[in-house]
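Each remark here refers to the structure printed beneath this line.
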Amino acid sequence: MNVRTGLPLLVLGALVAFPVIDPAATYEQTVLLMAFLLAIQAVSWNIISGFAGYISLGHSVFLGIGAYTAGILAARWHVNPLVLAPLAGVVAVVVALLVGSVVLRAKGPAFVIITIALLLVFQVLTVNTPALTNGSDGITLELPSWSSDIQNIPFYYAFLGLLVVTVGFAGWIRRTKFGTGLVAIREDEGKAAAIGIPTTLYKNLAYAASAFFVGVAGAVYAYFLTFLNPLGAFNILASVMVVLAALVGGKGTLWGPVVGAFIVSFAGEAATNFGGESQTRLVMFGVALVLVVVFMPDGLVPLLNRLVARKRQAVDYIDHVVTVERRPVEPSVPKTEVLLEFRDVGKAFGGLRAVNGVNLAVLDGSITALIGPNGSGKTTLFNLVTGIAGGHSGEIRLAGRPLTGLPPWTRAHLGLGRTFQVTRLFKAMTVMENVVAPLRGFAPGVLASDAVAGHEADRARELLSFVGLGRFTTERAGALSYGQQKLVELAQVLMLEPRMVLLDEPAGGISPGLVDRMAEIIRELNHRGVTFLVVEHNIPMVLDLCDSVFVVAGGSVLAAGPPEIIRSNPAVLDAYLGGVVS
Ligand SMILES: Nc1ncnc2c1ncn2[C@@H]1O[C@H](COP(=O)(O)OP(=O)(O)OP(=O)(O)O)[C@@H](O)[C@H]1O
């Protein structure tokens with residue numbers, strides 16, 4: 001057993017034993033159970049905000065919803081609120097799904113503000129529905145059914161048990177394909193969609209998953225308090241504490257929110273005890289938030305992890321050298337069928353016509369180039385094909401199927417892969433995680449499957465060896481050289497088993513040796529049946545590699561044909577190629 005599993009088990013053992021050893025320590029039990037409650041919320045918050053990167057500043061809204069669900073029903077049905085706890089969790093999930101389908105369309109600061117507004121909306125709702133909630137007078141619940149001798153001990157174990165389950169749940173999510181998808185969304189949502197991850201569904205499920213245990217805990221909390229009112233149940237300070245806990249410990253990590261919740265709870269308690277007035281607590285949280293954001297933006301757990309990793313790196317440092325395995329390339333077969341077609345496609349950004357009546361056909365099995373001066377509309381055409389940009393005129397078809405209206409992930413599932421001009425790997429993930437992240441299709445079973453396992457992991461290893469990076473699987477993607485990142489991005493796209501790959505400047509910014517390797521890989525993949533549309537400024541490479549070339553200028557196709565013709569076309573030479581063609 002190592003420190004990572006041994007330490008939590010040791011702490012858990014001590015926490016389980018504590019009330020047995022000292023049953024009369026009511027105050028300490030209360031402090032601890034409040035820390036457990038904060039940790040349950042912070043770990044849950046971490047699913048939507050730490051993993052997926054959507055910062056919810058009003059997350060304790062689900063605590064209030066769980067508490068009110070249990071409070072209202074317990075008062076009406078005269079049942080123990082603990083029995084209603086699972087139902088409270090389900091109600092929180094239903095609210096999260098309903099609310100999430102609207103609020104998760106917003107991103108960044110807009111989403112943060114909406115989540116605060118949500119807290120206030122529920123506060124106003126509970127005040128203004130007295131028939132259901134007893135309005136601002138609140139709901140008084142029956143006292144716990146057990147003897148006052150043991151007082152808080154059942155609540156202590158209920159919250160501790162819930163915390164263990166919540167941590168287990170969050171840890172399991174992080175290990176699944178769903179969890180990897182959430183981290184991909186956090187790192188680069190557009191890219192995640194382009195590699196087949198249905199981002200809208202993932203975000204909604206993450207929001208719902210982050211609400212369940214908070215709702216369950218809300219029901220237990222209602223019984224613990226035996227009194228509920230709108231201001232207490234939908235409290236902004238309680239929500240800020242959840243965020244602070246996750247930030248202090250390290251959002252996005254499994255244990256960070258737990259560690260942070262204990263630190264924040266104990267510090268808050270100390271401020272209340274020694275600070276004189278309750279305002280001390282507010283000032284302290286405000287100052288702590290600023291200090292954490294400025295000096296420890298990643299939180300405590302990642303900081304400790306980095307310190308340990310730095311030591312380790314000094315011992316087993318690996319030299320970053322790409323080994324190139326040369327493969328024979330046979331002549332490709334003639335192509336006649338159209339795979340990708342643009343029919344009179346136009347796209348304007350305000351008054352600027354970036355793409356203007358483009359007609360273009362990429363033959364199945366070909367390597368087709370799209371060249372043109374900077375700003376001529378090449379990347380915009382790629383964005384229209386992959387669905388990153390919409391709102392165009394005309395029609396784009398893949399294998400005869402119109403792509404209009406399809407989200408980027410469905411286009412990826414149809415066999416459309418794409419690399420980016422500036423590589424867009426998920427830099428915080430390992431090379432392996434990056435390569436297994438794409439989804440070739442979506443079925444509910446995918447969500448729960450292991451992120452890095454089985455056939456997919458084997459295939460990823462195979463692809464990484466193919467591009468010459470087999471030994472970098474455990475390396476963080478951000479630590480690789482730019483050229484290596486380009487190759488990993490290509491391996492990532494190949495996981496989609498694409499029919500067609502759009503390459504945006506594959507040779508841009510990489511060393512001459514890697515340019516040759518890249519051309520060789522493209523040729524070999526083409527020989528295996530992959531069709532390419534390549535945007536590239538390295539004209540000698542393009543003319544050598546491609547079967548046909550489209551030249552665009554000012555958003556329109558200026559010339560098209562095989563490389564020999566393009567090489568000698570006076571209009572093309574004039575507009576673009578100049579002296580670079582050899
Ligand atoms: N999101 C956007 N909003 C406004 N204008 C844009 C946007 N994207 C592209 N443009 C403009 O559209 C035109 C075409 O840009 P695009 O990036 O497609 O050209 P490009 O041929 O790919 O250029 P480069 O070779 O430099 O990458 C440019 O004038 C650019 O400024």
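Residue 1 is the first one shown; counting continues down the chain.
Any Cβ shown, glycine's included, is placed from N, Cα and C.
The transmembrane segment annotation in TrEMBL covers 33-54, 61-79, 85-104, 111-133, 153-173, 205-224, 230-248, 255-276, 282-304. For 340-579, the entry in TrEMBL reads domain 'ABC transporter'.
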Averaged over the domain 'ABC transporter' (340-579), the pLDDT of the predicted model comes to 87
| query | Quick one: do the transmembrane segment (61-79) and the transmembrane segment (255-276) have at least 3 Cβ pairs under 8 Å, skipping pairs fewer than 6 apart in sequence? | reply | no
If one takes Cβ-Cβ under 8 Å and requires six or more residues beyond its ends, the residues near the transmembrane segment (205-224) are 33, 37, 40-41, 43-49, 51-52, 54, 56, 59-60, 62-71, 74, 80-82, 84-93, 95-97, 99-100, 104, 141, 144, 152, 155, 158-159, 162, 165-166, 169, 173, 178, 182, 233, 447
Practice prompt. May I ask you to check whether the transmembrane segment (255-276) and the transmembrane segment (85-104) make contact, with contact taken as at least three Cβ pairs under 8 Å and only pairs 6 or more apart in sequence counted?
Written response: no
Contact set of the transmembrane segment (230-248) with the rest of its chain, CB cutoff 8 A exclusive, min separation 6+ beyond the ends, reads 38-39, 41-42, 45-46, 49-50, 55, 57-61, 63-64, 67-68, 116, 119-120, 122-124, 126-127, 133, 135-136, 138, 218, 256-257, 259-261, 263-265, 268, 282, 285, 288-289, 292-293, 296, 299-300
